[in-house]
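What follows is one structure encoded as C-alpha coordinates, with my remarks underneath.
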Ligand SMILES: [Zn+2]
Ligand SMILES: [Zn+2]
(Lines of atoms letter the chains of each structure in order from A and count residues from 1; the text may use other names and numbers.)
(Lines give C-alpha, C1' and ligand atoms only; values in the text may rest on other atoms or scores of the structure.)
(Ligands and ions follow the chains in the order given, each with its own letter.)
Protein backbone atom coordinates (compact mmCIF):
# COMPACT_ATOMS: atom_id res chain seq x y z
CA UNK A 1 0.00 0.00 0.00
CA UNK A 2 2.77 2.46 0.90
CA UNK A 3 4.51 1.80 -2.40
CA UNK A 4 1.27 2.34 -4.27
CA UNK A 5 0.67 5.61 -2.44
CA UNK A 6 4.16 6.85 -3.24
CA UNK A 7 3.66 5.84 -6.84
CA UNK A 8 0.35 7.68 -7.12
CA UNK A 9 1.88 10.87 -5.71
CA UNK A 10 4.80 10.63 -8.15
CA UNK A 11 2.51 9.93 -11.11
CA UNK A 12 0.70 13.16 -10.30
CA UNK A 13 3.92 15.08 -10.09
CA UNK A 14 3.72 15.72 -6.36
CA UNK A 15 6.88 15.70 -4.32
CA UNK A 16 6.58 12.78 -1.92
CA UNK A 17 6.59 14.10 1.64
CA UNK A 18 5.84 12.18 4.78
CA UNK A 19 2.71 14.24 5.44
CA UNK A 20 1.31 13.67 1.97
CA UNK A 21 2.01 9.97 2.25
CA UNK A 22 0.44 9.65 5.68
CA UNK A 23 -2.70 11.65 4.89
CA UNK A 24 -3.35 10.08 1.50
CA UNK A 25 -2.82 6.58 2.95
CA UNK A 26 -5.16 7.37 5.81
CA UNK A 27 -7.94 8.63 3.53
CA UNK A 28 -7.63 5.56 1.34
CA UNK A 29 -7.60 3.27 4.33
CA UNK A 30 -10.65 4.69 6.11
CA UNK A 31 -12.69 5.50 2.97
CA UNK A 32 -15.68 7.83 3.00
CA UNK A 33 -15.89 11.56 3.55
CA UNK A 34 -14.04 13.32 6.35
CA UNK A 35 -13.51 16.87 7.56
CA UNK A 36 -10.06 18.27 8.22
CA UNK A 37 -10.78 18.06 11.95
CA UNK A 38 -11.66 14.37 11.71
CA UNK A 39 -8.52 13.70 9.71
CA UNK A 40 -6.48 15.63 12.23
CA UNK A 41 -8.05 13.66 15.10
CA UNK A 42 -7.15 10.34 13.50
CA UNK A 43 -3.60 11.50 12.86
CA UNK A 44 -3.22 12.56 16.47
CA UNK A 45 -4.52 9.16 17.57
CA UNK A 46 -1.78 7.63 15.47
CA UNK A 47 0.75 9.91 17.12
CA UNK A 48 1.50 11.85 13.99
CA UNK A 49 2.93 15.23 14.81
CA UNK A 50 1.05 17.43 12.39
CA UNK A 51 -0.67 20.80 12.49
CA UNK A 52 -4.16 21.64 11.33
CA UNK A 53 -2.87 24.01 8.69
CA UNK A 54 -0.63 21.28 7.27
CA UNK A 55 -3.64 18.97 6.92
CA UNK A 56 -5.43 21.74 4.99
CA UNK A 57 -2.41 22.26 2.78
CA UNK A 58 -1.97 18.55 2.08
CA UNK A 59 -5.62 17.83 1.24
CA UNK A 60 -5.53 20.94 -0.96
CA UNK A 61 -2.47 19.65 -2.82
CA UNK A 62 -4.00 16.20 -3.20
CA UNK A 63 -7.25 17.71 -4.41
CA UNK A 64 -5.48 19.85 -6.98
CA UNK A 65 -3.86 16.84 -8.64
CA UNK A 66 -7.07 14.80 -8.54
CA UNK A 67 -6.24 12.20 -5.89
CA UNK A 68 -8.68 13.61 -3.37
CA UNK A 69 -12.16 15.00 -3.85
CA UNK A 70 -13.85 17.60 -1.71
CA UNK A 71 -17.59 17.39 -1.05
CA UNK A 72 -19.44 20.45 0.17
CA UNK A 73 -21.83 18.82 2.59
CA UNK A 74 -23.41 21.95 4.05
CA UNK A 75 -22.42 25.08 5.92
CA UNK A 76 -18.82 24.78 6.99
CA UNK A 77 -18.61 21.10 6.14
CA UNK A 78 -15.96 20.53 3.54
CA UNK A 79 -15.36 16.80 3.48
CA UNK A 80 -12.43 15.10 1.83
CA UNK A 81 -12.11 11.62 0.41
CA UNK A 82 -9.51 9.68 -1.50
CA UNK A 83 -11.03 9.34 -4.94
CA UNK A 84 -9.82 9.93 -8.44
CA UNK A 85 -13.26 9.27 -9.86
CA UNK A 86 -15.38 12.37 -10.29
CA UNK A 87 -18.81 12.05 -8.67
CA UNK A 88 -21.49 14.01 -6.86
CA UNK A 89 -22.90 13.78 -3.36
CA UNK A 90 -26.16 13.37 -1.53
CA UNK A 91 -26.52 14.80 1.97
CA UNK A 92 -29.36 13.66 4.22
CA UNK A 93 -30.87 16.60 6.05
CA UNK A 94 -31.89 14.35 8.93
CA UNK A 95 -28.83 12.25 9.74
CA UNK A 96 -26.30 14.25 7.70
CA UNK A 97 -25.00 11.12 6.03
CA UNK A 98 -23.00 11.83 2.86
CA UNK A 99 -23.43 9.38 0.00
CA UNK A 100 -21.72 9.19 -3.35
CA UNK A 101 -23.85 9.85 -6.40
CA UNK A 102 -22.36 8.60 -9.66
CA UNK A 103 -21.79 11.19 -12.33
CA UNK A 104 -23.33 10.20 -15.63
CA UNK A 105 -20.63 11.99 -17.57
CA UNK A 106 -17.81 10.95 -15.25
CA UNK A 107 -15.70 13.90 -16.24
CA UNK A 108 -15.41 17.54 -15.37
CA UNK A 109 -17.30 19.72 -15.95
CA UNK A 110 -20.36 17.55 -16.43
CA UNK A 111 -22.68 20.55 -16.42
CA UNK A 112 -22.36 23.77 -18.35
CA UNK A 113 -23.89 26.97 -16.98
CA UNK A 114 -26.88 28.20 -19.00
CA UNK A 115 -25.24 31.60 -19.43
CA UNK A 116 -21.78 32.67 -20.37
CA UNK A 117 -20.81 33.56 -16.79
CA UNK A 118 -17.16 32.62 -16.87
CA UNK A 119 -14.30 31.97 -19.24
CA UNK A 120 -13.40 28.57 -17.84
CA UNK A 121 -15.56 26.13 -15.90
CA UNK A 122 -13.34 23.62 -14.11
CA UNK A 123 -16.05 21.59 -12.49
CA UNK A 124 -19.68 21.53 -11.46
CA UNK A 125 -20.41 19.58 -8.34
CA UNK A 126 -24.02 18.86 -7.58
CA UNK A 127 -25.08 18.39 -3.98
CA UNK A 128 -28.34 16.49 -3.73
CA UNK A 129 -30.13 17.18 -0.46
CA UNK A 130 -33.07 15.35 0.96
CA UNK A 131 -33.85 12.37 3.18
CA UNK A 132 -31.96 9.08 2.95
CA UNK A 133 -33.73 5.70 2.78
CA UNK A 134 -32.87 4.96 6.42
CA UNK A 135 -34.36 8.19 7.72
CA UNK A 136 -37.38 8.05 5.39
CA UNK A 137 -38.19 4.70 6.98
CA UNK A 138 -38.06 6.26 10.44
CA UNK A 139 -40.80 8.97 10.03
CA UNK A 140 -39.67 12.44 9.14
CA UNK A 141 -41.51 15.76 9.05
CA UNK A 142 -41.45 16.87 5.46
CA UNK A 143 -40.01 20.30 4.85
CA UNK A 144 -38.62 20.85 1.39
CA UNK A 145 -34.89 21.49 1.56
CA UNK A 146 -33.64 20.33 -1.78
CA UNK A 147 -31.06 22.66 -3.18
CA UNK A 148 -28.08 22.71 -5.42
CA UNK A 149 -24.93 24.28 -4.21
CA UNK A 150 -21.48 24.55 -5.64
CA UNK A 151 -18.46 23.28 -3.79
CA UNK A 152 -16.81 25.93 -1.67
CA UNK A 153 -13.48 24.33 -1.09
ZN1 LIG B 1 -30.58 10.05 6.88
ZN1 LIG C 1 -17.68 10.97 -2.43
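Backbone N, Cα and C define each Cβ position, glycine as well.
Among the features that TrEMBL reports, Zn(2+) binding site is placed at 92, 95, 132, 135.
Sitting within 8 Å of the Cβ centre of 92, 95, 132, 135, and not among those site residues for Zn(2+), are the Cβ atoms of 93, 94, 96, 97, 131, 133, 134, 136. Cβ packing within 10 Å was compared across the binding-site residues 132, 135, and the lowest neighbour count falls to 135.
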